[in-house]
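Reading through the structure tokens given below for one structure.
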Amino acid sequence: MNNWFKSGSPWIWLSAGGVSISLISVLGLLWLIASRGLSYFWPSELYQFDLTDEYGAKTVVIGEIYDREKIPVSQLAHLDLALDPKQEVLERLLIKTGNRELVSLDFRWLLSHNINKTQTPKDLVVVERRTNGNFYGYIDSVVLDGKKVDQNKLPELLSRVDNFQDQIDDLQKSDIGAINYQLERLRLKTRKYELQNELTAQVKAEIDSEVAILKKDYAKLEQELMGYRSAIARDYIVMRAMDGQLVTINFEHILKVTFNNKLNVLEKTALFFSQITAFLIEDPREANTEGGVFPAIFGTVLMVLLMTVIVSPFGVIAAIYLHEYAGKNAFTKLLRIAVINLAGVPSIVYGVFGLGFFVYMVGGSLDQLFYSENLPSPTFGTPGVLWSALTLAILTLPVVIVSTEEGLSRIPSTMRHGSLALGATKAETLWRIILPIASPAIMTGIILAIARAAGEVAPLMLVGVVKMAPNLPLDANFPFLHLDRKFMHLGFHIYDVGFQSPNVEAARPLVFATALLLVTIIVALNMTAVSIRNKLRERYKMLEH
Amino acid sequence: MAALTRSTRSRGVKNSLAKWLITLGGISVLFTLVLIFLYLLYVVKPIFESAKIEQKVNISLNLADNENVLASGVDELQELAYKITNTGNIDFYHLKTSVEQATNEYSVGDKALSTSLFTGDSFNQAKVVNVVNSFSATKLLHTENGQSLLVQPSFYAKYLNDTREIIPQIYYPLGHDSLIIDEQQRPLSTLAFAMDDEKIVFVGFTQDKRLIKTSFIAEDEFSVTSDGDDVDYETIFQQIDLPSKSVDEIKVTPDLNLAFVRSGSTVYVYSLNDDDDVELKATITPTLDDKGSYLTSMALLSGSSSVLLGDSSGRVSQWFEVATESGREFKQIRRFTADNDKQGKSAIAAIYTEQYRKSFYTMSANGMVNVFYTTSEAHLWQGKLTSSQPEALAIAPRANGLTIVGNDPLDASKKSLQVFSVHNEHPEVTWQALWQEVWYEGYPEPDYIWQSTSGSDDFEGKFSLVPISFGTIKAALYAMLFAVPIALTAAIYTAYFMTPGMRKKVKPTIEMMEALPTVILGFLAGLWLAPLMEEYLPAIFLLFIFLPLSTLMAAFAWHNLPNHWKEKLPETLAPMLLIPVMILAIYTAFSLSGVLEVAFFSGDMRQYLTNDLGIDFDQRNALVVGIAMGFAVIPTIFSMAEDAIFSVPGHLTSGSLALGATPWQTLIKVVLLTASPGIFSAIMMGLGRAVGETMIVLMATGNTPILDWSIFQGMRTLAANIAVEMPESEVGSSHYRILFLAAFVLFIFTFIFNTAAEFVRQRLREKYSSM
């Protein structure tokens, strides 16, 4: 034993323990996010519990099992349960019961002790709705235009509603949105003429006639919209809830009706994938706590792309300067320290800088110069996607520099000498020889920068991200790319839904799903970058030999 | 040939152009860093500037022989100023020349309106002896024969042809006739009043030496912006017992609760709440340093709770009520010395306070003006604005200007109305107020407090950076306590003991953690780890023992394995062998948690902590932050420390091993010693990251700015504070600039850490390359 300690072996094992803990935590974290995130999409079993509570009253509870936990009996002493005295812990189930119009809480704790019977009836359904969350219960009847019809008609009626809903969305988003956008532009145009004292009667008449045409179009579209709305509202279903109450749900509120308990594994898998797709391509509902995250994905991607366009040239040029042009002097050392510090400055400081410098100073001046017709409501003098991209470009600059420089330093100097010896200028050598060879390294740097930017939230909270953006920064209205708009972001979505939403418990699975999406994107980006870098290293090794 | 030269020349031009462009690009990196530094400094700088007072307008007054000015004032935009004379006349003067398109043309000094305030019948050429100010713009005129009138000079903006003109107006909130304040209608030698929508309270001292309180209670509501000839109110006359025979000054707080009556060097505080009986609440007798010193003036500070007392030796003391063991008492909180003039001490003739902030101006008997801010104890300005003590001084409503009626600087025989602009935007911020204990109104003692906003209007922002800097250090420290042991042991093993094949897989896996967005770590910490830890609190503490113990047990078990087993499971597989062992240990700890709670903590450790041990427990506490942020910092430290250890030249270790040292001895005595600067710089980098981390702290703590090392309580850090408060702070306000200062502090902090770490690393690299 003593010898064993002297050999140092226990300490080696302890240090191996450090590696194990790190590995357990990384992999455990990924596994946790993946399992929680994916289980959000898997259709869960619907249960019916027959209960008898402490006072002997009998009730029925219908819902999904959301969580289980074991609690010590001593905590439940006040409930006066008739328990086996040897029993120390009791199981407690958290049931998602939905049906917000009947009970105020979405969730309910049940003591397993009180449950007499647990069933999974085949005809239990979950109705996903546009408002008020899920409804759990049995279908009592389906009413078509005032007449009861067979339940088999349900899919057909649902697809009819879907059809109308698509048309409504189309109208609202593209046609009516475009008219509103044009009206706003005309208002600004008038204001601009006014400011320049050029608003003559003729100009005014022209604008007014345009406005009149648009308003007429608008009225027409609105009527069309009303038509669709009333067509949708024609039918309804009557549901029987857990306590036997009948509830009418109009088709205009219904998104989906599923008999979870009737599905076999194959159908469940199909549903699983269709839910994932819906999550990726749909807009959020109910204050972001349900529905998809499409605008957040779109905002993240657009902002990151903009940032890439800004950061890549600067980062590459700076790296080339540091590696190819800078001499070995104090200034270069200073420059390197600047790069390290840019990488080490807390991201929130960039946010503060971006807000003060880009948004208020640069943006404010731009507004004074070019968008005075819009004042006092700011155009660029308020947080927006352009400022976010710029701020993150500074933040990720060192990532691109470091990676590119590493790539440059791996290129054997013989290549440079060869090119120069053949009479090429330094610029030509760079452009024709060095950059093409270093391009995978540059690529790696850019990918790493993208990964970093996609996960960064703190500075964005100050310079442009919002919980709910009414319009995407890219749409069909001229000039198509609206750099002044605010945007949604996956990372901020996680923070906002997980911590600022009114019903955190109900939103948690969605947050896990969003987190899974973000982690997947970032891990994939990183792995790509690392594999490119590894391949590159091998290629350079070959070059040297 | 010519073509070739041309192309050679153009190639040369291109070459040098590229060189310039690339150099410019390289320098722009440095430029960016400097820009960030300078911009933050540029925003922060104004809060440390002292006040500036400059003369803007000087209007000569033509006063009759027996005429003198009793009050002056200015509108919010400083376009009109007015003065009230003892004849009961008010004159409004333009302070700006009219714009071209204006309907009326006027220039600076022209009268906008000149009228007598006495429009009622009862005033007969009466001389005004006293104009009493209140915290609102309403003024009370009192004549020599005991008549009183409430007036409110006011202003409204008129827009014509896109130009704005400010029009003066006079309101009489209680009508044009004389008010009856003393039941016996005797003249009052001293008088004070305050009003709100429903009540006006006057406290006065009659010439026949009675101290009286009179309340007007509106049947409906008082309005200061309409003529109140038909306002109905009930009058309650009360007499107050005064322990002294004379009264020098009276002040009534704007909330109508207290009256301060100064008689010589004693101040009597009366409670005015009771309409039946006026009770003497407290007596303030300041101890004056110099013999022969006495009180000379008194003023109320904005916010109704502090009183300022000026004395004959040029000192001002601030007093407010403080909760003590013997009940609430008036205490002297701090003192200001007004006059540093070489000519000696000069008495404080008058104290003027701002309407919304805790700033005040003192006027010395020799005409010297001093500007102070109470809570920050800042002496903001000192100087003479007029050659001698002026007849009237008033602070502009937005505290950005002064009107003074005094000797004309151009013609000493005349009086003039002067308007000064005051630049004093951030008086509440001083280096002291940010980093030292400050005694705020209503607090029992000086304290470090960060509380930037509140619901009420007369709230004073409390900006101590101490609690949030403390929170930053606490969070970083707990994170480092957790991260450093794990990261360093992992780095040592990976760099020194691990097979190259395994290292190739393990290193990127751990480094993957660095790429994980902190928002995800924060969310897991706040919504998953925090509730989990609350439920299984004993398990977490058990793990600190179980994990090392199980590792050692596994090591010992392996040591005692038969040799052919050892060959199949070589020691180099240790990290993999330990994973199942540790998972088992974690599982055991969690399943024992409930049993332990029942056995030792009466069923629930959390409740046991709060109820039996008296330790406050937040669900989102330092332990959660420590673990979550620890995970964020581990890869940073691991990656750099591993690099440092791995690049220790091989011949050093080979030499040591060849001389018979065990691998462990070689590691401790040779490798770690050589790599220690690199390890140090890794820890510095990790600390830099922990200090600036925002999202994890934001989500995994309660963000309460408290000063407490307890592992079970949360904190608020500089970074999280910025993220929480920046979007709501008003641009250019003190709060906004202090948040920039917080960012600046973070910037400097991390700058030092990073630069130190980088220096050490560069030195190390040179050392290695020379070996």
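Glycine residues also receive a Cβ, built from the backbone N, Cα and C atoms like all the rest.
If you check TrEMBL, you get these features:
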type	residues	note
DOMAIN	B:469-757	domain 'ABC transmembrane type-1'
TRANSMEM	B:20-42	transmembrane segment
TRANSMEM	B:475-498	transmembrane segment
TRANSMEM	B:536-556	transmembrane segment
TRANSMEM	B:577-602	transmembrane segment
TRANSMEM	B:622-646	transmembrane segment
TRANSMEM	B:667-687	transmembrane segment
TRANSMEM	B:736-757	transmembrane segment
> Hey, does the transmembrane segment (B:20-42) touch the transmembrane segment (B:736-757), meaning at least 3 C-beta pairs closer than 8 angstroms, sequence gap 6 or more?
Replying inline: yes
>> Looking only at the recorded stretches B:20-42, B:536-556, B:577-602, B:622-646, which one has the largest tally of CB-CB distances under 8 Å to the transmembrane segment (B:475-498)?
In response: B:622-646
> Which bits of the chain, at least 6 residues beyond where the transmembrane segment (B:536-556) starts or stops, bring a Cβ under 8 A of a Cβ in it?
Replying inline: 574, 577-578, 581-582, 584-586, 588-590, 592-593, 596-597, 600-601, 605-606, 623
>> Cβ under 8 Å, sequence separation of at least 6 from the ends of the transmembrane segment (B:667-687): give me the contacting residues as numbers and ranges.
In response: 476, 480, 483-484, 487-488, 491-492, 496, 633, 636-641, 643-645, 647-648, 652-653, 656, 661, 753-754, 756-758, 760-761, 763-764
> Which sequence positions outside the transmembrane segment (B:622-646), separated from its termini by at least 6 residues, show Cβ-Cβ distances below 8 Å to it?
Replying inline: 474-476, 478-484, 486-488, 490-492, 494-496, 507, 510-514, 516, 518, 521-522, 524-526, 529-530, 533, 540, 671-672, 675, 677-679, 681-683, 685-686, 689-690, 693, 696-697, 700-701, 710-715, 761, 764
